[in-house]
């Protein structure tokens, strides 16, 4: 069993055994019912990417390619226009959060563009990678007041470098997430930001180091317990999947494409499970 599968099962068991139920939840299911969840707070895990510890479970298929396309919509295209996500990348699951003007509001990619977040990050890392201020922050109250829309879940990422004994510079990343759907989105979000970490490392010809993942509220929705128990019963694949970015060192961040990523040795357990999303 991979490290990621161990973490996946431990998190599920922890929520089932020690979690508490939310009250007066904001999200709703498609039938209009309130979508409460069982949750724990303060979940933290470290993945040593240098050692091949990638945060992807093999207990069910995870749509990594779509996740990476969504990431590029946010950080390369820098827009919240759903037409770009749907027509350029063929990713359609954000439609439920459309606010009426064809966007998801002044959120995510629109915030990245408004504050030139990626430009400032790359400039800061180029000037002084050892500076402890290389941060992405999508939690902008001004944007929340400007339009309606879902508030960012994965909202802050911090980057640090280390020069190891081999003389190479390694890029570490820390993702902070306010809320995470353990069964549906946990490994999607983690792998998205590992991909972002890899893109930035390639831009500077650095190695990829460690990925630190903190979730403030880690939950299982109250209509997902059957799926949770099924996942706990499954035997994980013996393969150890890893994500590879097949571009030369020094490739510009904005020149990297979704097809440059390759998920190697990924043989997830099937069949896929179905989930009714909370909106």
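Just so it is clear, glycine is given a Cβ too, placed from its N, Cα and C backbone atoms.
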Starting from the dUMP binding annotation in Swiss-Prot that includes 132, 133, 178, 179, 180, 181, 219, 220, 221, which of 189, 229 is the extra site residue? 189
By a three-class reduction of DSSP, residue 189 (dUMP binding site) is assigned helix
Listed in sequence order, the residues of the same chain lying six or more positions from residue 189 (dUMP binding site) whose CB sits under 8 Å from its CB are 67, 153, 154, 175, 177, 180
